[in-house]
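Undergrad: Relevant sequence annotations retrieved from Swiss-Prot are reproduced here:
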- Gly37, Pro38, Ser39, Gly40, Cys41, Gly42, Lys43, Thr44: ATP binding site (BINDING)
- 5-235: domain 'ABC transporter' (DOMAIN)
Amino acid sequence: MKKIIKVEAVEKHFGNQVIIPPLSLDIKEGEFLTILGPSGCGKTTLLRMIAGFETPTKGNLLLDDEKINDLPPYKRHMNLVFQHYALFPHMNVEKNICFGMKMQKVPAAEQKERAEEAMRLTQLLEFRNRKPAKLSGGQQQRVAIARAIVNNPRVLLLDEPLGALDFKLRKDLQRELKNLQRNLGITFIYVTHDQEEAMSMSDRIVVMNKGHIEQIGTPKEIYNKPKTLFVATFIGENNIVKNGEGYVAIRPENVKVRSVEEPILKEYHLGHIEDIEFVGNMEKLYVRDEKTSELLMAYQTAEEAAQWSIGDNVYVGWEQEDEVTLN
């Protein structure tokens with residue numbers, strides 16, 4: 001797949017503070033790439049440099065192999081969608097969507113045709129004459145997205161666009177955004193701190209921490225094969241266990257809990273259940289390993305967990321193939 005954007009040893013300093021140390025990243029044409037990390041990790045700063053709202057202190061940004069460090073945002077063929085929609089309150093949906101085209105003096109007939117298609121893709125046709133105050137938060141976000149795609153950008157940049165929405169609406173819009181990206185075939189670069197959001201939508205995820213890239217991979221690679229201690233603790237839940245000079249990670253769904261009356265494998269240790277948590281379709285057991293004193297998490301179905309009570313002695317263990325060695 002062709003690389004549309006290249007970030008080459010880019011740094012960002014604010015005064016004497018280094019926000020992003022040298023960082024390199026290739027972004028493929030037509031992919032849904034998510035930059036994921038905690039607050040303050042540099043993900044939004046990186047997005048703003050790609051968009052042209054911040055200038056790299058060092059290094060180069062390339063679009064189609066052409067340097068764009070000093071190219072103004074409006075010449076980059078990219079559009080940016082924020083968490084706060086910045087819609088014009090006195091304009092209806094259709095006029096909000098057409099505003100950018102009007103400023104570019106796009107012929108009126110073409111404006112209408114392109115706005116019609118953008119509203120169709122974002123399910124806004126029935127709301128075309130409504131003003132923002134008459135729309136829900138999700139509908140307003142759809143208008144912001146329609147306004148961003150109507151100019152046919154090469155790249156759509158999204159900075160935590162669903163952060164202000166409630167859980168169900170956020171889930172609905174996640175599916176819509178992914179379907180929209182597939183239909184348009186353009187590159188989406190999405191910034192979020194929400195790991196579930198990143199996992200459900202992305203072709204690839206860039207995990208950032210303190211300005212560094214910790215790992216790049218598909219959602220399955222990031223979840224099943226975390227490379228670093230940070231990724232293992234930030235993405236989902238993991239049991240982190242000391243192993244010689246380093247650590248291994250074991251997902252709770254791979255930890256087995258057995259009765260002390262069963263024949264047991266030598267790799268299993270004696271432990272006792274300290275707590276049981278109901279987590280929807282599963283129950284989470286907290287088991288104290290008597291040998292290592294580690295507190296281990298294990299997921300079980302409600303039916304499996306029904307046999308246990310807090311304080312029960314059990315055997316706890318896992319298959320060696322389920323261990324992931326961490327850097």
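Placed from the backbone N, Cα and C atoms, the Cβ positions cover glycine too.
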Undergrad: Cβ within 8 Å of the ATP site's Cβ centroid: which residues qualify beyond Gly37, Pro38, Ser39, Gly40, Cys41, Gly42, Lys43, Thr44?
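TA: So the additional residues around the site are His193, Met208, Asn209.
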Undergrad: Since the record lists Gly37, Gly40, Gly42 as binding-site residues, which of them has the fewest other Cβ atoms within 10 Å of its Cβ?
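TA: Taking Gly37, Gly40, Gly42 as the binding-site residues, the minimal 10 Å Cβ count falls on Gly40.
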Undergrad: Quick check on the binding-site residues Ser39, Thr44: which one has the highest count of other Cβ atoms within 10 Å of its Cβ?
TA: Thr44
Undergrad: Only counting partners 6 or more residues apart, tell me which same-chain residues put their Cβ under 8 Å from the Cβ of Lys43 (ATP binding site).
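TA: Long-range Cβ contacts: Ile35, Leu36, Gly37, Val191, His193, Met208.
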Undergrad: Of Pro38, Cys41, which of the binding-site residues has the most Cβ neighbours inside 10 Å?
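TA: For the binding-site residues Pro38, Cys41, the Cβ with the most other Cβ atoms within 10 Å is Cys41.
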Undergrad: In which DSSP state, out of helix, strand and coil, do we find Lys43 (ATP binding site)?
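TA: The residue in question, Lys43 (ATP binding site), is helix (DSSP, three-state).
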Undergrad: Considering every residue in the domain 'ABC transporter' (5-235), what is the mean pLDDT value?
TA: 93
